[in-house]
Amino acid sequence: SLSAGLDLPGRFLFATLTLMTLVAILVFIEEAVYIYKKIPSSKRSIIIWINAAAPVISTTSCIGMWIPRSTMFTDFTAGIFFAIVIHKFLLMMIKECGGQKLLLRHFENGHFTISTGPCCCCCLCLPRVPITRQTLFWLKMGTFQFAVLRPMLIFLSVVLWSNGNYVLYNLSPKGPALWISCFIGVLTLTALWAVGIMFRKVRILLKCKNIIPKFALYQFIVILNHLQTSIINILATQRIIPCAPPLSATARGSYIAQQLLIMEMFLITVISRVFYRRKYHDLEPPECAAEEPGEKKQTP
C-alpha cells in the first residue's frame, strides 16, 4: 500500500488531513445535536442534510486517500449524496419562506426570472414566469430529477465498471464514460438552474436568515467538488500533472484532488456552523427581511 511507503512528511500530511476529517465530523455531530434541539421539526432534517454535505465529502475523500482502490466508490458516494443535497437546498429556501402556501401568498402576482445561471444567464430575452403552484412544481422537479437520475446513472457506471466496460478517464466517444458524464452534466446544470432561479427571487426576503452566505457555501461545494476535481483529473489524464512513482499521473491527480477537498470541506464545515447556528421560529413572518435591526415590526 502507498501509506506504508510514505516518508515522514507524507505521514505527517496524511495524519493532519485525517485529523481535519475527524474534526469536521465532530463539528457536524455537535451542530446536528444543536439543530435537533433548537430548530422546529419541519426544517430539522433538511438543514441537517445540507450541513452534512461538506463532512461527507471530506470523509469519502479521506477514505479514498488511504485506500486508493476505493476512489471510484467514494467519489460516487459523494456524488449521490450531493445530488440529494441540491434538492434539499431548494426545499430549504421554500421552507424558510414559511412553506409553499406562504411563499405563493407573499409573491402573489410575482414572476420568476429564468435568465439566470448556469444555463441561461446570457439569455436576457427569456420571458419572466408567473409564480404559481405549477412553476414551483417544475422547479422542484428540476432538482428532484437530479436526486433520482444521478444515483441511477452512477449505479449503471459501477455495473459497467465491474464488467470492465467503464473506464473513468477514458473519454473516447466509443466508451460509455463520455456519454454518462455528459448526461450527468446536463442533469447537474438543470438542477443548479432551478436552485438559481429560486435563490434570485427569495434572496432579499430571506436576508435575515443568512441565505446569501448559505447559498455561497453551497456554490463553493458545487465548484470544488465538481469543477475543481474535473480540472485536476483532466490535467492528470493529459499528463500535465506528471507521474511520481509509484503513483501514475491519474493516481497522483486523484490524490491531489482528495487532499484539497479534505482541507476545503473542513473550512466549509466550520464556516457553515456559524451561519446555520441560530434559533428559528416555525412561523416567522416572511417580512422579517424588510426590517432593520431595532425597528419594530409593523402590524398589518
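Each residue, glycine too, has its Cβ placed from N, Cα and C.
Note: TrEMBL annotation is automatic and uncurated.
TrEMBL has this to say about the protein:
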TRANSMEM  12-34  transmembrane segment
TRANSMEM  46-67  transmembrane segment
TRANSMEM  73-94  transmembrane segment
TRANSMEM  143-164  transmembrane segment
TRANSMEM  176-195  transmembrane segment
TRANSMEM  215-236  transmembrane segment
TRANSMEM  256-276  transmembrane segment
Task: Beyond the flanks of the transmembrane segment (46-67) by 6 or more, those residues with Cβ under 8 Å of it - done: 3, 14, 17-18, 20-21, 24-25, 27-28, 31-32, 35-36, 39, 74-75, 77-78, 81-82, 84-85, 88-89, 91-92, 95, 214, 218, 221, 225, 254-255, 257-259, 261-262, 265-266, 268-269, 272-273, 276
- [ ] May I ask which of the stretches 73-94, 143-164, 215-236 has the most CB pairs under 8 A with the transmembrane segment (176-195)?
- [x] 143-164
- [ ] Mind checking which residues of the chain, 6+ beyond the ends of the transmembrane segment (215-236), have their Cβ under 8 Å from one of its Cβ atoms?
- [x] 50, 53-54, 57, 75, 78, 82, 85-86, 89, 169, 188, 192, 195, 199, 203, 249-250, 252-254, 256-257, 260-261, 264-265, 268, 271-272, 275
